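Copied over from TrEMBL:
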{"type": "DOMAIN", "residues": "367-449", "note": "domain 'X8'"}
{"type": "REPEAT", "residues": "538-620", "note": "repeat 'Solcar'"}
{"type": "REPEAT", "residues": "633-715", "note": "repeat 'Solcar'"}
{"type": "SIGNAL", "residues": "1-20", "note": "signal peptide"}
C-alpha cells in the first residue's frame with residue numbers, strides 16, 4: 001500500500017510538472033510572427049501552458065493567433081504596428097473599428113484574457129527620423145477612448161513599447177539620465193497618460209546590444225552572476241548593465257515628475273546565433289541570472305521589489321530584418337520548430353532542465369538541397385548570394401554555429417535554406433545545375449541543416465517572398481535592376497537562339513503544313529516572343545499572363561512576317577520584297593495584319609498550354625529522379641509538350657492560316673464566318689487538315705527549342721562574371 005501511494009504521488013508531481021505549474025507569474029514572453037513557416041497558434045499556446053507561462057505579448061492582433069488563447073487564463077498583450085499609427089491618430093472612428101474587430105470580439109465568456117494594447121513598437125527609434133513622433137500619442141489616446149467606449153477601460157490598459165534610446169545619460173551614470181531633448185515634450189505627454197491611466201511604462205532593455213555595439217564593453221557586465229566590477233552612483237552599487245539601465249529610466253521619470261509610474265520590461269533576452277557572442281552558452285547564462293533575479297524580487301537599487309518582464313522571444317523568426325545584425329533571427333528560446341535550444345527554468349530556481357517543447361509539429365520530407373558533387377565551384381558566388389539574399393544564411397558568419405564549414409559546406413547550407421523556405425520545391429534546388437536533392441542529413445554536430453515544418457500560417461510576407469523569388473532556377477545575386485536586366489538579356493539570347501534554330505531547321509515541314517491547311521502551326525516564335533515568354537514561365541499560373549503579354553507584344557512583328565511567309569509558301573509570291581510591295585499596294589497596311597484576331601486566338605492558348613505541359617512534366621520527372629535533367633531529357637519532354645499542344649490547337653491554326661492567305665479576295669469576313677464556311681463547304685474534318693505535319697513540326701521544334709534553350713541558359717550562366725566571395729561575413733541590409 002505504501003508503494004502504491006508513492007506511485008500516485010510521483011505521478012501527480014509529474015503531471016503538475018508537465019503543466020509548468022512552477023513558472024514565475026511575473027514572467028511573460030514575446031511571440032513574434034515574422035517566420036516563413038509559423039507554428040500553428042494552437043500548438044504555440046499549448047507550449048506556453050505546458051511551461052506554465054501565464055503572460056504573452058504579440059506584435060499585432062492577428063485573429064487566428066489571438067483566438068487561440070480563448071478559454072485559457074493566459075494574459076495577452078496585443079500590439080498595433082507602426083504603419084497603422086497615422087490613421088489611428090487622425091480617425092477616432094477607425095480606432096473604434098480597430099477595437100471592435102481586434103479586441104471586443106474576443107471579450108466574452110470563455111474568450112481571450114486581453115489586458116493590454118501596445119500602440120506602436122519602438123516608434124521613437126532614432127533611425128526612424130521622427131516619422132512617428134507626432135502620431136504615436138494621439139493614436140494611444142484614440143485607442144484608449146475606443147476601449148473605454150467599448151466598456152473595457154477598467155480591464156484593458158493602453159501603453160506603447162519603447163526602446164532604451166528614449167532616455168540617455170551623458171556620463172553613463174544612472175543619476176544623469178533624462179529623456180531625449182528631441183522627444184521630451186511627447187514623452188511628457190505619454191508619461192502623464194500612463195500615470196493617469198495606471199498603465200505600465202513598457203521598456204525594452206537588451207544588455208546583449210551593449211556588448212554587440214561596443215567591443216570595449218565589459219562582457220561580464222551584461223550578465224547577472226556578479227563577475228563584473230561594480231559601478232557606483234550616489235551610493236547605489238551596480239554589478240550589471242540591466243540594473244544601471246533600468247535606474248537611468250527611474251531617474252528620467254523622476255525628473256519628469258512621475259516617479260511612481262509602474263515599469264514593465266517589454267523585451268529582454270539573448271540571441272543564440274548570428275554573432276560570436278550570440279550562442280547557447282551565453283543565452284543560458286543570461287536567462288539563468290535574470291530569472292533568478294526576478295524570482296528574488298530584489299529589483300534594482302532604485303526600483304526594488306517585484307518586476308514584470310516579457311522574455312524575448314518564444315521562437316526564432318527567419319524573416320526578421322537583419323539590419324541591426326545577423327543575430328536578429330535567433331532570439332528564440334525555442335527554435336523555429338518549437339524545440340528548446342537550451343536548459344532554462346522559468347521558475348527562477350536555476351534547475352538545469354530543458355523546457356517542454358512544442359507538440360504536434362509536423363515536418364516536411366527528410367530531404368535536403370546541397371551542392372552537386374561535381375559542380376564548378378567557380379560559379380558559386382552568384383548562386384550562393386541569391387540563396388542567402390532570399391533565405392537565411394545568418395549562421396554562416398564568423399563565430400556562428402556554421403562558421404566551420406568549408407566553401408562547399410557554405411554553398412550547401414545556403415542552397416538548403418532557400419530550398420526549405422520554398423517548401424522543398426524542386427525548382428528551388430536547381431541553381432543552374434549546381435545543386436541536387438539528397439536524402440542523407442548533411443548536418444554537423446554544431447551546424448544543423450533544417451527541415452522546414454508544415455505550416456498553415458503562410459503569412460503575407462512569405463507569399464510576397466515566394467512571388468518575388470519565382471525565378472528559382474535562375475542564378476542571381478542581390479535583387480537589383482542590373483540582375484533583372486541581365487536575366488532579361490540572357491533570356492533574349494537563349495530564346496532567340498532556340499527560335500532561329502527551330503525556324504531554320506523546320507521551314508520545309510512548315511511549308512507542307514501551310515499548303516495543306518490553305519486548302520487551295522507548330523507556330524514559330526520570334527526572337528522577341530520567346531524571351532518575353534520565358535521570363536515568367538516557372539509558376540504555372542504565371543504562364544498565361546506571361547504568354548498573353550509576350551504574344552500580344554510579339555504579334556505586332558510576327559503577324560506581318562507570318563502573312564508574308566505563308567503566302568510565299570502557298571506560291572502567291574516568289575520573294576519577300578515582292579510580297580511586301582504587292583500587299584501594300586493592293587490591301588494597304590491592314591493587309592499585313594490579315595488574320596490578326598485568329599492569330600491571337602491560336603497563339604495565346606498555345607503558349608499557356610505548351611509551357612504548362614512542359615513544366616509540369618519536367619518537374620514531375622525531377623521529383624521522381626531527384627536530380628536535374630540533362631539536355632536530351634529536356635528535349636524529349638519538349639517534344640511531347642509541343643506535339644500534344646500542336647494537336648490540340650490545330651483547328652485554331654487552320655482558321656488562322658485561311659484568314660492570312662486569303663489576301664484581297666476576302667473569302668472570309670472574319671473568324672466566325674471562316675468557321676461557318678469551312679463547316680458548310682468542307683465539313684468538320686477540315687479543321688484537322690495538316691495535323692500530321694503540324695504535330696511532327698511542333699514536336700521536333702519543341703525538342704530542338706527546349707534543348708537549345710536550356711543549353712544556352714547554362715552556357716550563359718557559366719560565363720557570368722563572379723563576384724568577390726564575401727557573402728558569408730558581410731552584413732546584409734534589408
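Placement of Cβ uses the backbone N, Cα and C atoms for every residue, glycine included.
Just so you know, TrEMBL annotations are computer predictions that nobody has curated.
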Across the domain 'X8' (367-449), what are the DSSP residue counts per state (helix, strand, coil)?
36 helix, 8 strand, 39 coil
Averaged pLDDT, computed only over the residues in the repeat 'Solcar' (633-715):
78
Secondary structure composition of the repeat 'Solcar' (633-715) [DSSP: H/G/I, E/B, coil]:
73 helix, 0 strand, 10 coil
